[in-house]
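Feature annotations, courtesy of TrEMBL:
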- A:Ser148: active site, charge relay system (ACT_SITE)
- A:Asp224: active site, charge relay system (ACT_SITE)
- A:His257: active site, charge relay system (ACT_SITE)
Protein chains: 2
Amino acid sequence: MTIENLSSNKSFGGWHKQYSHRSETLGCRMRFAIYLPPGVANGEKVPVLYWLSGLTCTDENFMQKAGAHRVAAELGMAIVAPDTSPRGDDVADDESYDLGQGAGFYVNATESPWHPHYRMYDYVLNELPALIESVFPVTDQRSISGHSMGGHGALVLALRNPERFQSVSAFSPISNPVNCPWGKKAFTAYLGKDTARWAEYDASLLMRDATQFVPALVDQGDADNFLTEQLQPEALEASASISNYPLELNFREGYDHSYFFIASFIDQHLRFHGRYLGCSTLQS
Amino acid sequence: MTIENLSSNKSFGGWHKQYSHRSETLGCRMRFAIYLPPGVANGEKVPVLYWLSGLTCTDENFMQKAGAHRVAAELGMAIVAPDTSPRGDDVADDESYDLGQGAGFYVNATESPWHPHYRMYDYVLNELPALIESVFPVTDQRSISGHSMGGHGALVLALRNPERFQSVSAFSPISNPVNCPWGKKAFTAYLGKDTARWAEYDASLLMRDATQFVPALVDQGDADNFLTEQLQPEALEASASISNYPLELNFREGYDHSYFFIASFIDQHLRFHGRYLGCSTLQS
């Protein structure tokens, strides 16, 4: 596996770097970003938080806007942010912002014209961690988080693979995609009209039936324009009470769907993951 | 004076808001952003830090990328970020990124076609603070900071108006614009070929002759691509030693010209200004 370094910026004593590589899973070139905390310069191996972004985003939104590097540096935690879909001129796309490039929904598509490239579930679960763990000074301790479509992706990946993640969190996740317009549109396109096949990508359905648990933290702004129609965290809450899932769901008064909301609470999410990833509280 | 609210986002318990207004000074409609810390909801009046951005920026870059809201909320400090130039279809412009719209250089232009609109010096010194102090719950205690072209602007405004600012800081400022390509190009266009008229907009020349002091903090990355040709902080340092100016200039190993650098040290700049603005250390 060869990867190409695209940029490097020192940040809070560590390094923010962007890379591109040829993804076998997705059949295209992909870009990702990694934050490496200061400790790696001294030969430390650090655990990794994977961050999945929302609709229209790339690897850059979280790294530039979330203000996450400060506490990641302190905790000694790497953060990896992949892109949100396959990309390229030969990759299927759609004119709308919520389907196609920038809107991969972290599923493995089965339908035309999407299935040759749209396999973000496999990419984030397998190919990307294998690449990260072969190239960078990281351990195999992983947690996962994300925002909106990425919050959906993080929850689904952790719920289906509890042995692979130490903890999971989400901001404003699409909690019950089989029941919301964004989810119905994307799943119909990527997975087909048989709604029975959608269940394996629905966090609320997966959490309801879960028997193996990953500690889970969700934050949701109560002034989020997408709350009622698209996000539906109450479905997740209901499922958690059925399966006794260890879910902490916080409603935050006055906060919206933006990165200002994420920045306001990202420190708490990083410290939550840090506890399960074995980070010391002061490592900078 | 009427202003129009364009957006509101809760952030760290306070509010990030964008407004537009008709500027008499600039003869066009202008946008600015303000961060109001949580205390203003309880009737507190807070001091204001003005932030001037660099080439190509708007009010958004700092607010989205610097990670400044957390400590501003803690200190009880408002932050105001204006745009970097006049804007609009009837405002003169240039194809290059370093002249015209997005590149106002915080001067009052005297030359055609720039002089009818390009008066950012007066706008930031007079019209904008008057507007802010008439509309928002703020005191008349002001400090000023900025990045690159905006660092130049912050230093020049504070050096020429020490009675108006409690403190000044800059990241990677254009320290000696009369001697660098960016400055020579902009000053020739905006101020004319008579270089004697450039001196009132050159921080190093102003600092050399200063007799009234404003506490000043400058951070400069030593891996900044623009350091040698454009920024020249050693000129500022030499001037400070001549006039005994209270300048703290820090070179930061490995840091570049990006917002990752600003984010890494913005907390220190906010706490520096907070001391001179009378902010309590824990007010959130």
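From the backbone N, Cα and C atoms, a Cβ is placed for every residue, glycine too.
All TrEMBL annotations are machine predictions without curation.
Feature map: TrEMBL annotations on the structure.
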{"residue": "A:Ser148", "record": "active site, charge relay system", "Cβ within 10 Å": "25"}
{"residue": "A:Asp224", "record": "active site, charge relay system", "Cβ within 10 Å": "21"}
{"residue": "A:His257", "record": "active site, charge relay system", "Cβ within 10 Å": "22"}
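Cα to Cα, A:Asp224 (active site, charge relay system) and A:Ser148 (active site, charge relay system) are separated by 11 Å.
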